Structure formats: C-alpha cells, structure tokens
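These features come from TrEMBL:
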- HIS461: active site, proton acceptor (ACT_SITE)
- LYS83, GLY147, ASP347: FAD binding site (BINDING)
- GLY213, ALA214, SER215, TYR216, VAL217, SER218, LEU219, GLU220, GLY305: NAD(+) binding site (BINDING)
- CYS74-CYS79: disulfide bond (DISULFID)
- 28-363: domain 'FAD/NAD(P)-binding' (DOMAIN)
- 413-470: domain 'Pyridine nucleotide-disulphide oxidoreductase dimerisation' (DOMAIN)
Amino acid sequence: MAALWRRRLLGVSGLCRTVRALSGKNEYDLLIIGGGSGGLACAKEAAQFGRQVAVLDYVEPSPQGTKWGLGGTCVNVGCIPKKLMHQAALLGSALKDAQHYGWNIAQPVHHTWSVMAQAVQNYVKSLNWGHRVQLQDKKVKYFNMKGSFSDLHTVRGLTKAGKETIVTAENIVIATGGRPKYPMHIAGALEYGITSDDLFWLKESPGKTLVVGASYVSLECAGFLTGIGLDTTVMMRSIPLRGFDQQMASLVTEHMESYGTKFLKRCFPTKVEKLESNRLKVTWKNTDLGTEETDSFDTVMWAVGRAPDTETLNLEAVGVKTNSETGKIIVDASEATSVPHIYAVGDITEGRPELTPTAIAAGKLLAQRLFGQSSELMDYDNVPTTVFTPLEYGCVGLSEEAAVQCYGSDNIEMVCLREREQRILGLHFIGPNAGEVIQGFALGIKCGATYPQLMKTVGIHPTCAEEITKLHITKRSGLDATVTGC
C-alpha cells in the first residue's frame, strides 16, 4: 500500500510536482516564459506590487547560428536595429541632398557596413545589459533557460548545457513571441537563406540582396539596404503590405522603385543553389509571363511571415488551446488562456497586433489586474503604427478597404463616416517622420475625433503634418489633390 501511495504522489511529472503539492505553496506568484517586450513589462509591473516574480528566457539560435541576449525580437532583431539602420540610410540620402544646399561633399559617398553593424550591435548589447540590471533592481529572478510545462503550476527550465531547474508559480504568463518562417518547400531555402534574425548581426555587408516577401519587414529591410548603396531586389508573389491600406501600400512601393529598389512582382522562388563563387543562384517563376527566370545574389533573405514560438512549451500537457491554423494561443479579453491561471501576451496570442507597444501595455495591465486590484482591459482598437520604409508610412484606425467592408462604400468618405458627426475611422500618412506625425494624431482618433474637428485644427507651418489639417478633396469629388502652393 505504501508503494502504491508513493507512485500516486510521484505521478507522471516527477517528485518536484509532489513536493509542491505537499507544501501547498508555489515558489513564485508569477512566472513569465519569454523575456521580450510583453514579458518583461509584465514582470517589472508585477514586482512593483511586492510579488515574487521570475522570468525564463532562452534564445534558440537561428538556423544560421545567430543568437542574442535578453529583450526579445524588438530589442535584438526588430524595431531597434531596424530603426538604426533606417536612420543610416536616411543620413546617406541627406548627404546626397546636401550639395543642393551648398555643402561641398565629394560624390559618390560610400558606406561601410561593418562600422554601422558594430555600432548597432554594441547599442543592442547595452540594452540587453540594461534589461538584466532592471530585473535585478526590481528583484525579479532571471533564468537563462528554455521553459516547458510539466503540469499546471510547474515549468521545467533547461539551460544550454542541459542543466534542469524546476520552477513553480501560482500564475504563469506565456510571452515567447514569434520567429521568422522559412519556406521549407523551396530547395536550398534553409541551407542558404537568412532572415531578419540574422541580417542585423551580419559582420560583413550582405552585398547584392534578394528579399523575398511583401511584408513590412521585407520592405523596411529592402529600403535601408538600398539606402546604404546595396543592389537590392524585392520578390513578391501578390500584394505589398497585406492588411494595410492598399492605396498607401502602392505609394510606398512606387517610391521605393524610384529610390532604387528593384521589384519582381507576381513572382515566387522555386530553388536556391550555391555556386562555386559562393554566390546564390535563385530560380523563380514569373506568373504573369509564365516563364522561369534566374539571377545570382550574395544574400537571400526570407521575409515571408512569422510563426509563434510554442514548439517546446509542451502546451498540450496542460491543456492550453491554440489556433490549429496559426499555432497562436487563444486568449480572451483579459489575456487568459483556456487554463484559468495561465495567460499569454504579445505576438504569440491569436488576433492581436504584432507590435511592441501593445505587448508592453497588455503585459502591464495584466499584472495590474492580477496583483493591483485593477479591472482595466487592454484596448486593441485604433492602435497606431508605422512602416519605416524610405518614405515612411504611418497609420491609425481602419484602412479604406476595412472601412468599406464594415460600413459600406456609400457611407465612407476619406475613411470617415459620412453621416452625423463624420467620425474619423482611419488616418493614413506617407512622408518624412510619419511615426512622429501619426503618434500625435492617434490621441485624437482614440478620443473619437471627427472630420469637422480636424478641419478646425490649425496646422503648424511649414510642416508635413499640417497637410492633414487641410484635407478637403475626396476621391468621390474627382478633383486633383496635387498640392501646388502653401
């Protein structure tokens, strides 16, 4: 009988589960799996309520062997290095323009990738260290380990060296984000291609580059590569910037073409081969012409979407439900999963925007609800964002296509409702510093701004942003909207 009782205690999850069950107390009030934007924000906020908090974070090296530190995609292989390299490209454009303003700068100007890359990588590493220090200051325990569920309150942490640590927690938040997809059906894609996980950590210039995909990641990377003087081509099967306003997306790609980026439209790759010269020969099909074409490149970068990083979490062991098509975790309005005390925030969640600021806000609000007696939920409506292409595109609210789908074309004018107060449904801006422009107007949209209120707003002259306060020509009018004077 004693032997039978002992087996029941141990169960399938081992002795550690038994110890916690006997003691009746979990080691931590909150355990975060994933040290990216959302996870870190949640951890730091929870710690401020005096709770025992731990973070597990581990970066699986990319197929090309690239790895990085604490902070997630945004800090290491996303927003931060992307914006810095975008800025490098803008500086190059400014140098070319400078001679027209009287500056004597020898042309052509040359860019050294290794200098830029080292500066960017050093800055990113300083942010990695900053996050470590913040966790320590707030008394959040940091485990550099890969986490997977053993049972409802137990997570097994595994170091790179294979050392195991068992962590128990009353509440668990999954915030592991996503990683770039590889088109595994294309021969040579994995062996010879890179993704955005690798681009920012290259020590040498990628040279002549083919970027495959039409996402914002694709266009942003192609934009700054062109801007620093590299021969860059974008290959896209269908439309650019799916989900964004398509009139604006067309303006983005048209400007990029005039800027020097080449586009292979309605084309898709079929194989990648390595030549004796170490260059990569890419074969693709042109669906418009029905032809097969080839060219050689120094670098092939895949930007064909991202997949949630759930593979090693062992979610099925605890019953956390995911979308069978996308693999993302299904959550309710309070970020709760199908298991009451297990939550998820950020890119890993189904139906949420894949944006750093929303992950941060959602993480903070979740901690406040768990430990601060708050009931406030994250509001995912009217979230502003910007695509950092050479000519930036910022937006907030609905695209014209989405507005028409929701309200009908007869009820929409300039992405505003035509009836009653003419509430603004969406605002879209292409121009320099689009993010800075849209950030300000986003407050108005969040507060329910109307078209008449916008027309009463006095612009700051001379600025690009003031053009928004002068919008009066609509598509329906058929008039020419070209600006010819102040």
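Quick reminder: no glycine exception, Cβ is built from N, Cα and C everywhere.
Unlike curated entries, TrEMBL annotations are predicted automatically.
Comparing CA positions across the binding-site residues GLY213, SER215, VAL217, ASP347, the one lying closest to CYS79 (disulfide bond) turns out to be VAL217. Distances between the Cα of HIS461 (active site, proton acceptor) and those of the binding-site residues LYS83, GLY147, GLY213, GLY305, ASP347 are shortest for LYS83. Fewest Cβ neighbours within 10 Å among the binding-site residues GLY147, GLY213, GLY305: this applies to GLY305. Straight-line distance linking the Cα atoms of SER215 (NAD(+) binding site) and CYS74 (disulfide bond), rounded to a whole number, equals 16 Å.
Across the domain 'FAD/NAD(P)-binding' (28-363), the model assigns an average pLDDT of 97. Candidate recorded positions: CYS74, GLY213, VAL217, GLY305. Nearest to GLY147 (FAD binding site) by Cα distance: CYS74.
Apart from GLY213, ALA214, SER215, TYR216, VAL217, SER218, LEU219, GLU220, GLY305, the NAD(+) site neighbourhood in this chain, defined by C-beta within 8 angstroms of the site C-beta centre, holds VAL211, CYS221, LEU241, ALA303. Under DSSP, the residues of the domain 'Pyridine nucleotide-disulphide oxidoreductase dimerisation' (413-470) split into helix, strand and coil as follows: 25 helix, 11 strand, 22 coil. Binding residues for FAD (LYS83, GLY147, ASP347) extend across at most 31 Å, taking the greatest CA-CA distance. Counting other Cβ atoms within 10 Å of each Cβ, the lowest count among the recorded positions CYS74, CYS79, VAL217, LEU219 belongs to CYS79. Between the recorded positions LYS83, HIS461, the minimum number of other C-beta atoms within 10 Å of a residue's C-beta occurs at HIS461. Nearest neighbour of LEU219 (NAD(+) binding site) by Cα distance, taken over the recorded positions CYS74, LYS83, ASP347: LYS83. Ranking the binding-site residues SER215, ASP347 by C-beta neighbours within 10 Å puts ASP347 at the top. ASP347 (FAD binding site) sits 12 Å from GLY305 (NAD(+) binding site), taking the CA atoms of both as reference points. LYS83 (FAD binding site) sits 10 Å from CYS74 (disulfide bond), taking the Cα positions as reference.
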